[in-house]
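Engineer: Can you read through this structure? Questions will come right after.
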Amino acid sequence: MNNSQISTVTQFVLLGFPGPWKIQIIFFSMILLVYIFTLTGNMAIICAVRWDHRLHTPMYVLLANFSFLEIWYVTCTVPNMLVNFFSKTKTISFSGCFTQFHFFFSLGTTECFFLCVMAYDRYLAICHPLHYPSIMTGQLCGILVSLCWLIGFLGHSISIFFIFQLPFCGPNIIDHFLCDVDPLMALSSAPTHIIGHVFHSVSSLFINLTMVYILGSYTLVLRTVLQVPSSAGWQKAISTCGSHLVVVSLFYGAIMLMYVSPTPGNSVAMHKLITLIYSVVTPVLNPLIYSLRNKDMKYALHHVFCGMRIIQRS
């Protein structure tokens, strides 16, 4: 395989969401609003944790790092998606496509491990409250955050490297709104079944391990909370775990359909919808579920926005 073969295709065409212009305008407006809300919600959480010293605890430090991750996760795909609505060519460069591909999967893998760490934090806080301060120290929190980023970006690095080396000498049209693994490898002029198998095997390993751990952690949390001899126990269980599990189920359900047990019979439109759920919908729900429903966080956000108003008036 020589370099001339690899560089034959210099750009790809992302078809995105073809359809009547009016429908595309509506779709563009919805995605833009969701993107703005995602950025605003997650940036507000980061500012609140940064400026309110009462939130300088492992739980909120994890939330701030998770919000930082979500900002980059949506930003690596949504801006290009929005530009493509008004682009006549809808092209993305070869290097741009693989850069997006690399960051999309690396950040997605990082999110899986972040959800694990956050589940572990909730497990310690609720099931072992007396030992929580001595176990979940600032040092351990920093180590766990670093490991999430490290594993997330190294986990698929070998597979992505070999996919990047594939020759692309023929068609360059991707019927998707981002550079996803299966549509991308389908355009290669070389056999891809081994690389595809390795990529999906690694994805399945990460997804299944983290999902089982998260479900196990929340099961133990539910069991502990429900042992409280009052109706408040049920309410606390639902408040603590129910909403978290809704987002986790939505995220993991979508990525499992795509990368653990993909169904060849699914239409392209269905693949786009599933990808849209875990790449755009869940990031906008996370600020609401994990932070904005929290009393301490809402109090801190109130002071942050009040401070911004005072600065603007002055």
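For all residues, glycine too, the Cβ spot is worked out from N, Cα and C.
In case it helps, Swiss-Prot gives these features for our protein:
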| type | residues | note |
| --- | --- | --- |
| TOPO_DOM | 1-24 | topological domain 'Extracellular' |
| CARBOHYD | ASN2 | N-linked glycosylation site |
| TRANSMEM | 25-45 | transmembrane segment |
| TOPO_DOM | 46-57 | topological domain 'Cytoplasmic' |
| TRANSMEM | 58-78 | transmembrane segment |
| TOPO_DOM | 79-97 | topological domain 'Extracellular' |
| DISULFID | CYS97-CYS179 | disulfide bond |
| TRANSMEM | 98-118 | transmembrane segment |
| TOPO_DOM | 119-142 | topological domain 'Cytoplasmic' |
| TRANSMEM | 143-163 | transmembrane segment |
| TOPO_DOM | 164-201 | topological domain 'Extracellular' |
| TRANSMEM | 202-222 | transmembrane segment |
| TOPO_DOM | 223-244 | topological domain 'Cytoplasmic' |
| TRANSMEM | 245-265 | transmembrane segment |
| TOPO_DOM | 266-271 | topological domain 'Extracellular' |
| TRANSMEM | 272-292 | transmembrane segment |
| TOPO_DOM | 293-314 | topological domain 'Cytoplasmic' |
Engineer: Measure from the Cβ of CYS179 (disulfide bond) and count the other Cβ atoms within 10 Å, all protein chains considered.
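Structural biologist: Within a 10 Å radius of the Cβ of CYS179 (disulfide bond) lie 23 other Cβ atoms.
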Engineer: Would you kindly list the residues that approach the transmembrane segment (58-78) from elsewhere in its chain, counting only those six or more residues past its ends and only Cβ-Cβ distances under 8 Å?
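Structural biologist: Result: 31, 35, 38-39, 41-43, 45-46, 49-50, 100, 103-104, 107-108, 110-111, 114, 117-118, 121, 125, 136-138, 140-141, 144-145, 177-178, 279-280, 283, 286-287, 290-291, 296-297.
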Engineer: With DSSP helix as H/G/I and strand as E/B, how many residues of the topological domain 'Cytoplasmic' (119-142) fall in helix, strand and coil?
Structural biologist: 18 helix, 0 strand, 6 coil
Engineer: CB neighbours of CYS97 (disulfide bond) within 10 A?
Structural biologist: 23
Engineer: Considering pairs 6 or more residues apart, do the transmembrane segment (202-222) and the transmembrane segment (98-118) have at least three CB pairs under 8 Å?
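Structural biologist: Answer yes, regions in contact.
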Engineer: Determine which residues of the chain contact the topological domain 'Extracellular' (266-271) at the Cβ level, with the cut-off under 8 Å and only residues 6 or more beyond its ends counted.
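Structural biologist: 175-176, 180, 257-258.
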Engineer: In this predicted model, what is the average pLDDT of the topological domain 'Extracellular' (266-271)?
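Structural biologist: Mean pLDDT, the topological domain 'Extracellular' (266-271): 80.
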Engineer: DSSP helix, strand and coil counts for the topological domain 'Extracellular' (266-271)?
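Structural biologist: So the topological domain 'Extracellular' (266-271) is made up of 4 helix, 0 strand, 2 coil.
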Engineer: Could you give me the DSSP helix, strand and coil counts for the topological domain 'Extracellular' (79-97)?
Structural biologist: 11 helix, 3 strand, 5 coil
Engineer: Per DSSP, what is the residue tally for the topological domain 'Cytoplasmic' (46-57) in helix, strand and coil?
Structural biologist: 9 helix, 0 strand, 3 coil
Engineer: Using DSSP with the three-state reduction, classify CYS179 (disulfide bond) as helix, strand or coil.
Structural biologist: coil
